[in-house]
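Visitor: Structure provided below as structure tokens; questions to follow.
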Amino acid sequence: MKFSLFFQNDTIAFLPELFLAISILVVLMHGSFLGLSAAALYTYLTPSMIRLTSIILFISAFLVINNPIESQTLWNSIFITDHLSIWLKLFVVLGLLACVSVSEAYMFSVRLRAFEFFFFIISICLSLCLLISSYDLLSIYLNMEFMSLIFYVLAAWKKNSYFSAEAGLKYFILGSVASVFFLFGASLIYFSMGTTNLGSLGLLTENLAGCSPLFYLGLICLISALLFKLGSAPYHMWIADVYEGAPTIVSLIFASVPKLAIFAVVLRLVYTSFWCLFPVFWEDFFCLCGLFSLFIGCVCGLGETKIKRLLAFSSVGHVGFLCLGLASGSVEGIQSVLFYLLIYMLTAIFLWIYVLHLDLTSDNSFLTFSDVIGLVRSNPVFGLGIALMIFSLAGVPPLGGFFAKLNIFVSVIDSSYYLVAIFAVLTSVVSAFYYIRLIKIFYFEKAENWFYFAPLTKGAAFFVVTIGWTVIFFMLSPNLFYLLIYKIAIGLMI
Amino acid sequence: MLLNSLFLLLIIGVFGLIIIPAEHRLFLRQFSLSITTLVFILSLFLWLGFDHSTSKFQFVVNNLWLPISNINLVLGIDGISLFFLLLTTLIFPLCLLASWTFEKGNLKIYLISFLSMELVLLLVFTSLDLLFFYIFFEAVLIPMFLVIGIYGSRQRKIRAAYMFFLYTLLGSLFMLIGVVYIYLSVGSTNYEILSIIKFSNYNQRWLWLAFFASFASKVPMLPVHIWLPEAHVEAPTAGSVILAGILLKLGSYGFLRFSLGLFPQACIYFTPFVFSLSVLGIVYASLTAIRQTDLKRLIAYTSVAHMNLVMIGLFSGTVIGVEAAILQSLSHGFVSSSLFLIIGVLYDRWHTRGVNYYGGLTHTMPIFIIIFLFFTMANLGLPGTSSFVGEFLLLVSAFDANTTACFFASTSMILGGVYSLWLFNRIAYGNIKLVGCDLNYREFVIFLPLLLGTVFMGLYPNIFFSVMHASVSNLVWVESWL
């Protein structure tokens, strides 16, 4: 670490994270001093917290974009800043901004009176930003644990619901096991290589002829832990229960932002540090996980009648596509993965905002198909937007999701994985069935009783419209996205 | 620029429909009818300004989309696609007229679906870029799914909507793999560039199969035709007309433009396969049509039979065959749409499609029966109607290619006579079972252009053939067999 440039490089590059860390303390103090009486907690603490958190996230988005430091490692090579980290941090912050803005009505309805929720959201932002910039196995582990501990608490937030407690406990136990595997794998790699720094690992494995089996075992443990956090098969067992049991605002956060950060870690591991092992290890592994995830996502989704579990299994399927994109091993592969992540995050936020408002109107927390009938009569425009978003998830042209899948197919066929592509096509068609079944329920069925849908708040409406326009009319001007993704991908490959 | 203005007009139409509040039902209908009529009149200028002497693409517009990947929205027409375009722009105003008294459900979604379908269909027929052809080919699924599912008449519509969507999606995703492979090996998806590239025989066969998976379910060829009777029956009248008149032509247009154009050796290789499936389709569909008791299902099966005959012509390897295939597609667009509109007239009055409910209609609805008789004769291929020209020339080219196939295909004329005449007989003549009002002015206006078109094509088809000569000759002689 260059001590002389400590304040010129490292601190400046970490301004967003420092700002977030200080704002955590500010939020904590604001909440504890204002929340002295129960009346204050209920009436004006939550809206003021929402506004405060939104401002904090907005400012940190500005700080992230205006990072003057170009690609270099920071803080004794534990962290790195490059294009990937800047843009993914921006998307994470914007995603969390969306989650915070839509939470007002839900917090009032569910009587979530604790201000610590917003403290946790900013902590999630901090941990994800740190995770995206991590360049060392230990720092990845620490930030991943930081993120996961917050998620475990958030999943168990609803104190009067057994399912929330079950979700939190399941997530905690399984997630801790996964983190332990990560640590074990990291220790095995340290044992074989002598360093935990991703850049040094890349240099050391550059011309490796053969590795000891312990090294492969370490890699498998490492990547399995990361895939567990993503919810890829064969580590998908926790996703459905956790997404269903957790309070819906928490499921919205789960579904949208962590995948970006963990995929950043996976991309760095695969393409920077262990790149030369690619044809030996990574491509088979990711192909297998991808195909298995696609299969699980399409088969399990067919049998589901509860909306939240359906969306959880569909996210397993999408992680399958992302793994296939990783397996291709080219710049198109990275481009397709990043692009798909972005489109998936937007679509997930849109759909989970819809599920959030469904949750507000229904009596119990289990949203089945019978709860969604009749949206088209009460909110025709929103219903059309939801239908088009579901078509985008299914991958039907000319919506944004199709272009994401097209890129993945381009990268897969570029690496000549024809059978993999055919299998992906077949699972796409089968999963398209349960997507259009949802649309069938919206549009084609008659509701027995009058359907009431909670009106969207201003924040929710703003994000719904922006995301809707981006995904539905993506085809009109894709240049911006493609050039941005290209810049990021090239930065990673070098 | 003319092509761009067509699409701009339709986009303005869709936005106008979104903005106009839903209470002004009459104004919504008038607005959409005027937009589609304006698009039709503009497309006539395409025919007017078309140069018959060259096979190059005309009215070409190059809208940049993703220049770094060489994928741009290139639009243009040539002799093959001109008439499909005109058919599309003609059928849509007639459909909107036919659904004038449609009171079921939300009118705005209906009209927006139709206008966006017209936009996407025009883009399909004019796009010269393979990826965009694929995108719009698939994009038709969304509005058609909504139209069948929301505005169908009975509960079976959901099953029909699923089948329509999933059959086409499965085939098309295989085509996507083919398109991506072509893009990666050639570096561009522009049709003018692709038509110069020669793919190796092995590659051609796999790519042909990938494209076949997609187009076969649209034509529809035999094993994957089951969505057609379901979708046609359950869709509303205007939906059935669009399906029969235009969406079926997507399959044969795709075969013509892309399979014949880009993979000629594979086409020669797979010709026996296509012939067998088509002949089976013709005979099987015609025989099944004779047994039907639902009016729409009968006409749906006749559509299967006609389009399979078109496939025989396309793969015959002669200029006559391909030109006749295009003409028969057009004629089928006119005749089949008219037949569905005729059934729509009956359905509007009595809300049933069972054949045994209708009888003796000649006595109370003579004008309607005249039009019904004319189109029944057109359906079976009476000389003087366009359908005869198409079928006769298709049989000539099939004789040239494979006489056995021609022999079995010509049973289409015989069986066609059986089902058409028997249907007409049961409905028009016999004891009077139902009494109703004859055609009103609006319905007469719907049938008039289709009637004139069929007669015109039947009596003097050279007007249509002379446009197609240059492009089809270029396709068959220069690109394929040289």
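Note that Cβ sites are derived from N, Cα and C of the backbone, with glycine treated the same way.
Got these off TrEMBL a minute ago, pasting:
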TRANSMEM  A:20-42  transmembrane segment
TRANSMEM  A:86-107  transmembrane segment
TRANSMEM  A:114-134  transmembrane segment
DOMAIN    A:134-430  domain 'NADH:quinone oxidoreductase/Mrp antiporter transmembrane'
TRANSMEM  A:140-157  transmembrane segment
TRANSMEM  A:169-193  transmembrane segment
TRANSMEM  A:213-231  transmembrane segment
TRANSMEM  A:252-274  transmembrane segment
TRANSMEM  A:280-303  transmembrane segment
TRANSMEM  A:337-360  transmembrane segment
TRANSMEM  A:381-404  transmembrane segment
TRANSMEM  A:416-438  transmembrane segment
TRANSMEM  A:450-476  transmembrane segment
Visitor: If you count Cβ pairs under 8 Å, which stretch among A:140-157, A:169-193, A:213-231, A:280-303 touches the transmembrane segment (A:252-274) the most?
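Guide: Looking only at A:140-157, A:169-193, A:213-231, A:280-303, the most contacts with the transmembrane segment (A:252-274) come from A:213-231.
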Visitor: Looking at A:114-134, A:213-231, A:280-303, A:381-404, which one has the highest count of Cβ pairs under 8 angstroms to the transmembrane segment (A:337-360)?
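Guide: Ranking A:114-134, A:213-231, A:280-303, A:381-404 by Cβ pairs under 8 Å to the transmembrane segment (A:337-360) puts A:381-404 first.
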Visitor: Using Cβ atoms and a strict cutoff of less than 8 Å, what residues sit near the transmembrane segment (A:381-404) while being 6 or more residues removed from its termini?
Guide: 314, 318, 321, 336, 339-340, 343-344, 346-347, 350-351, 354, 375, 428, 431-432, 435-436, 438-439, 442-443, 453, 456, 464, 468, 470-472, 474-475, 478
Visitor: What residues in the same chain, six or more past the boundaries of the transmembrane segment (A:169-193), come closer than 8 Å to it by Cβ-Cβ distance?
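Guide: Tertiary neighbours of the transmembrane segment (A:169-193) are 137-138, 140-141, 144-145, 148, 151-152, 155-156, 200-201, 204-205, 211-212, 214-215, 217-226, 228-229, 235, 237-238, 241-242, 245.
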Visitor: What same-chain residues lie close to the transmembrane segment (A:213-231): Cβ under 8 Å, and 6 or more beyond its ends?
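Guide: Apart from its flanks, the transmembrane segment (A:213-231) reaches 137, 144, 148, 174-175, 178-179, 181-182, 184-189, 191-193, 238-239, 258-259, 262-263, 265-266, 269, 274, 277, 281, 285, 289, 312, 315-316, 319, 323.
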